[in-house]
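Only one structure is covered here, and it is reproduced in the block below.
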Amino acid sequence: MIEILILIAWLIIFTIIIAATYKTHHLINHHKNEGNNDVAENLQTSQNWFYTFIIIASISGIGILYLFLKDTIYESHLFEWLNLTIRLIHITFGIAWIGASFYFVFLENALNRTDNVRDELAGNLWAVHGGGFYYLEKYKLAPKKIPKNLHWFKYEAYFTWLSGFSLLTVVYYFNAKSFLIDPEVLDLQPFQAISISIISLIIGWIAYDLICKKLSNNKVVFTIAITVLVFFFAWFYSQVFSGRASYIHFGALLGTLMAANVFFIIIPGQKRMVNAAKKGLPPNPEDGKAAFLRSYTNNYFTLPVLFVMISNHFPSTFGNNYQWIVLIAITLGTAGVKHYLNIREKGQLSVLVMPISVLILLGAAFMTAPVKPKYENCIETVSFNDVVLIINKRCITCHSSNPTDAIWKVAPNGVKYDTAEQIYNLKDKIFQRAVVSKNMPFNNNQTGMTQEERDMINCWMSQGALKE
């Protein structure tokens, strides 16, 4: 009974917060239309607090639900749907944010800055899209009068980071022993690994922010410093976390730098510029320069972050002894591709940037290529039944219609080895993951598959993978 009362109380509070948010939004628009900009700005601050309360209430609701379902058959189901929901939110806002980044960097690069440009303008651009023509103008500083409805690009960044950190928490912090920690890399307790994770993001931002503030006047030194910082963390994470977690943390670091740029630098600077323009004062050009620098570095981080978001599906990238070098190579290569696209939008051409970037990416592909297993130890004939016994002993705990694993309550990627027929049909995948890349069984060889067992699967495949 107490559980139901708590849920009802939470629903009432959550509904009140949502209603207050909508009411505040309506009042903001009303006062803007009436010309009461000061009142509208104060209400905007209140609305931001309501957004914060919504997030807190949502997290509290999830926590309450978890306490109710803990140690029941529904606990893993809750985490699966949390993972799915947060991941969908993260991808949705991430697309919006990265899309805006791509668009505005393109806009900046493609501006017409010479033909029929008024004195107060930095440039303009004609565009056609979706059956309509668009004309855009960029001011050198600010228009003489700030419009009532001025769109701000900020919530895409905020909610991308919040959903990303939530995903990091649900997947890696709640399951630290399975996903975050690899005892063969560094034997940590969960609280130690989580502490390192959070502190590293904070230190990364502080170091990056100092570089931007102290070294941005020298483009070469600034670029080298940022590159060294990013490369250091790629190496550092590989020395602390599991291969999969090290890649995700690298992406989390870049995402943190990008979101913090928006929250601490870009938006506050833009607010100062808008307030100055409203008072009839010239905006401080340094605010614009700082925002432009951070926005541009964000743009170069986008492709490496996108790679990290999909890297978990490609264990050949992180499941080897050179994982941090592979990560650096892919980061360099994708950032190089983005640089080529940026300069091309300016109407410039570089013969070397794209070929070098592609060569770096090909180098990463070469480094992750599997080594052909040797067959010298195949003295005796290995039967299919021998292979089935190995799979049933080492893989069936997860890859089954009814998994018994503590984490996986549904077969990963829908791969099941319940029958001999299923095992035979997936023999090539088994060979690739268990023999070639050796990144299965999952969770740092959780079920303890031996090298002898891997050799037996290897021999069976080399002997023709006979079913009988």
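Every residue gets a Cβ built from N, Cα and C, even glycine.
Given the structure is predicted, the values throughout are model-derived calculations rather than measurements.
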Candidate ranges 3-28, 81-106; TrEMBL annotation transmembrane segment resolves to 81-106
State the mean pLDDT for the domain 'Urate oxidase N-terminal' (77-368). 93
Considering only the recorded stretches 49-69, 157-176, 247-269, 322-341, state which has the highest number of Cβ pairs under 8 Å to the transmembrane segment (81-106). 157-176
For the transmembrane segment (247-269), the distant same-chain contacts (Cβ-Cβ under 8 Å, at least six residues beyond its ends) come to 152, 154, 157-158, 160-161, 164-165, 168, 172, 197, 200-201, 204-205, 208-209, 212, 230, 233-234, 237, 241, 287-288, 290-291, 294-295, 297-298, 301, 304-305, 308-309, 311-312, 317-318, 323, 327, 331
Within the same chain, the residues 6 or more beyond the ends of the transmembrane segment (188-208) and with Cβ under 8 Å of it are 168, 172-173, 176-177, 180-181, 226, 229, 233, 236-237, 240-241, 249, 252-253, 256-257, 260
